[in-house]
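Per TrEMBL, transmembrane segment is recorded for 20-37, 49-67, 100-120, 183-202, 222-246, 266-282, 294-319, 353-378, 398-422, 428-450, 470-489, 509-530. Feature annotation from TrEMBL assigns Na(+) binding site to Gly26, Val29, Asn33, Ser268, Asn300, Leu365, Asp368. Annotation source TrEMBL lists disulfide bond at Cys131-Cys140.
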Amino acid sequence: MNRIEGQTEERGYWGSKAEFLLVVAGNVVGLGNVWRFPYLCYRNGGGTFLIPYLMFVFTCGVPLFLLETAMGQYTQEGPIICWHQLCPLAEGIGYAGQLILLYNCMYNIILAWALFYLIFSFKSQLPWASCDNTWNTDDCVNLAEQNLTLNQTTRIHSTPAATEFWERRVLSLSGGIEEIGKINWEILLCLIAVWIICYFCIWKGVKSTGKVVYFTATFPYLMLLVLLIRGLTLPGALQGVVFYLYPEPARLSDPQVWMEAGTQIFFSYSVCFGSLVALGSYNQYNNNCYRDSLWLCLLNSATSIVAGFAVFSVLGFMANAQGVPFEEVAESGPGLAFIVYPQAVAMMPLPQLWAVCFFIMIILLGLDTQFVGMESIITSVMDMFPMVLRRAGRREIFLLLFCLTCFFGQLVMVTEGGMYVFQLLDNYACNGACILFLSVFESLAMGWIFGAERMFDIIEDMTKSRPNYMFMLCWKYLTPLVSLVSFIYSMVEYKPLTFNRWYVYPDWAYALGWLLALSSIILVPGWALFRMCSGKGNLKQRWHHLCSPDKNLPLTCKQQAKIQESLIIEVEDLIRSNTN
């Protein structure tokens with residue numbers, strides 16, 4: 001830990017082991033577990049999808065999760081300084097991860113939408129359950145009416161009430177990204193409220209974050225349990241569960257299935273962003289991060305699978321109630337949270353109760369991930385400038401400036417064209433290819449340059465237990481190979497982004513999207529090249545210096561024993577020479 005004299009404050013540790021576990025659990029268990037994993041499982045072979053999913057869990061997810069947590073705990077520094085101390089050549093990985101986290105802070109708009117829905121959930125008549133509102137069109141159809149039967153022609157030319165509420169009331173959707181339009185002031189107020197909540201969740205660092213998660217990380221599980229029990233008791237629930245897990249072994253030959261499984265793991269486990277490094281850095285040196293990592297990874301994947309039962313039992317009920325094929329109601333992403341599920345709860349008894357439960361769960365799941373990402377960025381910057389920022393009151397001011405900057409940068413997303421901007425950012429700046437690229441270089445840097453054997457010794461020294469040899473194989477061979485193949489495939493199979501399957505972005509928007517994607521990718525080789533060119537000495541000396549860890553890092557018991565052994569040998573040699 002940094003020990004800075006004078007007026008600077010101590011960096012601090014987690015108040016208890018439970019705080020660390022809850023913060024990490026809240027970070028890794030997020031919206032992707034609820035609205036992405038179940039849909040991917042259904043779309044890519046049902047139960048068969050679990051085969052590539054589990055393969056990526058063991059070759060990439062768990063090894064990188066353990067690696068990053070241990071890196072932070074060992075160095076007691078944020079992601080950027082951590083890489084600077086362990087492998088200066090790969091410091092660009094730290095910067096790239098923090099840039100992607102900065103882009104992820106823009107996901108606060110999802111929480112603003114969810115808060116807007118939550119407020120309307122307390123009305124006596126859910127506004128997305130009827131066509132009697134000012135924003136509805138003549139094509140609106142109320143699917144919440146149980147006895148409604150629609151022929152195929154009517155379905156094609158009609159728009160569900162929940163869809164009109166989402167597109168015309170919440171988003172006030174314009175014709176394209178070229179038409180930004182005016183600001184939606186109600187969503188803006190919700191966004192302000194979300195940023196205020198995020199600010200006060202982390203404004204005192206681990207002192208406040210560690211206390212907040214006792215509620216924000218546990219309450220979503222209660223809501224998920226309630227929704228699971230309710231979903232499984234609905235008529236048609238079994239049909240949804242069958243669709244969710246029905247195995248299609250033939251899908252294993254489709255590379256897209258493997259690609260989507262890998263991408264889901266990287267996002268779900270929050271690896272390569274640097275947030276795990278930041279969270280691990282507040283642990284005591286002798287914390288058993290090995291055991292913690294295994295249990296947290298198990299919790300993450302188990303939550304994804306359980307969430308699938310909760311979501312698809314409700315979707316099965318919807319398909320059964322409407323008398324439509326299941327494929328017409330299964331959806332992923334914002335469409336599931338803000339169209340399909342609200343539409344489903346509107347068809348249940350006590351719809352307000354289930355709507356409130358669902359949107360509270362969505363808000364808390366997203367909130368945990370958001371403020372942990374913010375905490376990671378703040379930790380990184382404070383560790384880079386401790387003499388300036390680690391003084392009384394400086395953190396609060398810096399965090400306020402950071403939140404204001406992100407908020408003003410997000411104003412475009414509360415306009416009529418904001419959804420197009422959000423989709424562009426989501427598809428390019430935060431896409432799986434960027435994370436896969438970082439994974440390749442992270443595993444190579446730690447597995448070969450810093451040394452997997454050295455990392456094993458460090459983990460053994462901290463936890464008093466040696467990790468399974470499989471982790472060493474993953475860090476050196478399997479993780480970089482699997483990540484590289486997946487990255488190449490994602491580039492080969494690239495398809496331009498469209499919105500609602502019909503809107504094609506203009507060329508300048510695609511160019512902007514690629515610039516956002518490259519902004520993080522190029523930092524890794526760019527930073528290494530910059531350090532190689534600006535260093536002192538010849539090329540070989542610069543390479544050796546950039547591949548050598550900081551000499552001030554803590555020494556393991558083995559390293560201390562070797563030093564003592566070498567000192568004893570030197571003393572014995574000195575005694576012999578004096579005797580002769």
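Placement of Cβ uses the backbone N, Cα and C atoms for every residue, glycine included.
Any TrEMBL annotation is an automated prediction that lacks curation.
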Given the Na(+) site residues Gly26, Val29, Asn33, Ser268, Asn300, Leu365, Asp368, which other residues of that chain have a Cβ within 8 Å of the mean position of their Cβ atoms, reported in sequence order?
Ala25, Asn27, Val28, Gly30, Leu31, Gly32, Pro220, Thr303, Thr369
Report, in whole Å, the straight Cα-to-Cα distance of Cys140 (disulfide bond) from Ser268 (Na(+) binding site).
36
When you measure from the Cβ of Cys131 (disulfide bond), which residues in the chain that are at least 6 apart have a Cβ under 8 Å away?
Cys140, Val141, Asn142, Ala161, Glu164
What number of additional C-beta atoms lies within 10 angstroms of the C-beta atom of Leu365 (Na(+) binding site)?
30
Short question: which residues 6 or more past the ends of the transmembrane segment (222-246) have a Cβ under 8 Å from it?
34, 38, 41-42, 46-47, 303, 306-321, 326, 330, 348, 354, 357-358, 360-361, 364
Looking only at Cβ atoms, how many others are within 10 Å of the one on Asn300 (Na(+) binding site)?
26
Please list, in sequence order, the residues in the chain of Gly26 (Na(+) binding site) that are at least six apart in sequence and whose C-beta is under 8 Å away from its C-beta.
Val213, Thr216, Ala217, Asp368, Thr369, Val372
Ranking 49-67, 183-202, 398-422, 470-489 by Cβ pairs under 8 Å to the transmembrane segment (100-120), which is first?
183-202
Name the residues of the same chain, 6+ apart in sequence, whose Cβ is under 8 Å from the Cβ of Val29 (Na(+) binding site)?
Ala217, Pro220, Leu299, Asn300, Thr303, Leu365, Asp368
Among all the protein chains here, how many other CB atoms are within 10 A of the CB of Asp368 (Na(+) binding site)?
27
Per Cβ pairs under 8 Å, the stretch of 49-67, 294-319, 428-450 packing most closely against the transmembrane segment (509-530):
428-450
Contact yes or no, the transmembrane segment (49-67) and the transmembrane segment (428-450), 3+ Cβ pairs under 8 Å, gap 6+:
yes
